[in-house]
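Q: Encoded as structure tokens, here's the structure I'll be asking about.
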């Protein structure tokens, strides 16, 4: 396990982006713990501000309403320092969000195979209950085949955006959270960032 000590002048944030089910939250929490930094999740920030779940926001007001709230939440992070931040999977679709995230720090794209993403979402009851479907159906009502098609379609749209924004890309398909964190820390060292 790699441990990093921080210097007083190190104020770079580590920004985790990627599709749902790639490990942004679990990796972010462990990375923050190892670095002794605060962890923030933009989806949690939005839910706290709105006093309700993202699933409820999307069901009642639609995706455009949620994306507006997401834009406001990300804009409010300007000036954030010395944190680990996990974003919602679609946060980068808004060019302003992408600009703010890139300006905040070092961006790491977490990826996984479509098969792994679908399996992770289907096997995580909390994830299925909390995350809204892009098709408008409740996540618990979507078949594996429908979820696979939805995932393929969304990834085709988002991967080019993710790749342009990312400073590093890590495939989380076959490695543990601890191994992913170790890899992120190794890459920081090789980039000569003071992490």
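Including glycine, each Cβ sits where the backbone N, Cα and C put it.
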Q: For the region 'Disordered' entry in Swiss-Prot, name the matching range from 86-106, 107-127, 128-148.
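A: Going through 86-106, 107-127, 128-148 one by one, Swiss-Prot gives region 'Disordered' for 128-148.
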Q: Report, in whole Å, the straight Cα-to-Cα distance of residue 23 (ATP binding site) from residue 158 (substrate binding site).
A: 17
Q: Select the closest residue to residue 23 (ATP binding site) from the following binding-site residues, measuring between CA atoms: 43, 67, 89.
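A: Out of the listed candidates, the nearest Cα belongs to 89.
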Q: Compared by Cα position, which of the binding-site residues 43, 67, 89 is the closest one to residue 24 (ATP binding site)?
A: 89
